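Trainee: According to Swiss-Prot, the feature carbamoyl phosphate binding site maps to R50, T51, R100, H128, Q131, L260, P261, an assignment based on sequence analysis. Under the heading L-aspartate binding site, Swiss-Prot lists K79, R160, R221, citing sequence analysis as support.
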Amino acid sequence: MNHIISIHDLDRDQIDRLLARAGEVTAEFAGKEPLKGKILGLLFFEPSTRTRMSFESAMLRLGGSCMNLGGVEVSSMAKGETLADTIRVVSGYADAIVLRHPKVGAARLASEFSEIPILNGGDGAGQHPSQTLIDLYTIRQSMSLDNIHIGLIGDLMYGRTTHSLAYALTHYNARIHTIAPKGLGLPDSIHDNLEERGATVIEHDSIEEVISDLDVLYVTRLQRERFPDPAKFYDVSSSYRITPSLLTDVKEHLAILHPLPRVDEIDPSVDNLPYARYFEQARNGVPVRMAMLTEVMV
């Protein structure tokens, strides 16, 4: 496996292998440094806390080191250098690259010019495969991935984590329930592609009508930075919120996930309920990304 650009690059066996490795990696490499002498280049052209820091933590725990390019404003891209040329240059400095970029397809483009593995840390409204592996790993800690009912609520138009997760779940015969503000549902192309892959996708007008059927509720924030019209954001900014009163008749094993950052779509009073798994989900970023790094760098 040279690059991890899209969840489409992974079949079910590869996903299951990475998830299994994530569960074993901390013990497997305790006291060992399999990536000693290796350098991970972190090229983040959009803001990031969890993805950047968990990749860095994963690399350090494996004995390697990191080189952080920073944003466009501190790189030669501010002088007009192309992404392709930047990748060509950094390929000579590092042993793998994690790339986050605002343009859909940027990671795929980077892989065409890179001599070292590229891991997609999020490309605009496209995909976020490492987050999807974390999501699947977190779900699998409490239930089987097969045949689950999952609700995707929030900005499904621009939310790349929901796109990647929905595609991954086609390997597991999931029932995908979508709840989104008007105009922010799954793009038609993704909806149609999911159904072509055999997925059952059911659209709902409100979370109340489906919450009691769900095994997993995946909540996302509105992607304010991707709205072409800022006025549209304010029109829908308070259109959904998960509160304890919504959770009075849910399945006992319900897992509420959120890729974070949270704005106001989950009330903080939900945090201490047994259903809240989003901070555990964030912690899982380290072992999952350790598994990914050893997959492409060892």
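The backbone N, Cα and C atoms fix where each Cβ goes, and this holds for glycine too.
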Trainee: Around the carbamoyl phosphate site recorded as R50, T51, R100, H128, Q131, L260, P261, what other same-chain residues have a C-beta within 8 angstroms of the site's C-beta center?
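Mentor: Other same-chain residues near the carbamoyl phosphate site: S48, T49, G121, G122, T161, P259.
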Trainee: Let me know the DSSP-derived helix, strand or coil state of R100 (carbamoyl phosphate binding site), please.
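Mentor: SS state of R100 (carbamoyl phosphate binding site) = strand.
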Trainee: Have a look around R221 (L-aspartate binding site) and count the other CB atoms within 10 A of its CB, chains all included.
Mentor: 18
Trainee: Return the residues near Q131 (carbamoyl phosphate binding site) by Cβ distance under 8 Å, restricted to its own chain and a separation of at least 6 in sequence.
Mentor: T51, G122, T161, S164, L165, P259
Trainee: What are the sequence-distant neighbours of R160 (L-aspartate binding site), meaning same chain, six or more residues apart, C-beta distance under 8 angstroms?
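Mentor: Same-chain residues close to R160 (L-aspartate binding site) (Cβ under 8 Å, separated by 6 or more) are G122, D123, G124, A125, G126, Q127, H128.
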Trainee: How far apart, in Å, are the two Cα atoms that lie farthest from each other among R50, T51, R100, H128, Q131, L260, P261, the residues recorded as binding carbamoyl phosphate?
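Mentor: The span, Cα to Cα at its widest, is 16 Å.
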Trainee: Taking every protein chain shown into account, which of the binding-site residues R50, H128 has the largest tally of Cβ atoms within 10 Å of its Cβ?
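Mentor: By the 10 Å Cβ neighbour count, H128 comes out on top.
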Trainee: What's the most sparsely packed of the binding-site residues T51, R100, P261, counting other C-beta atoms within 10 A?
Mentor: P261
Trainee: State the Cα to Cα distance, in Å, between R50 (carbamoyl phosphate binding site) and R221 (L-aspartate binding site), rounded to an integer.
Mentor: 15
Trainee: I need the CA-to-CA distance for R221 (L-aspartate binding site) versus P261 (carbamoyl phosphate binding site), whole Å please.
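Mentor: Given the Cα positions, R221 (L-aspartate binding site) is 8 Å from P261 (carbamoyl phosphate binding site).
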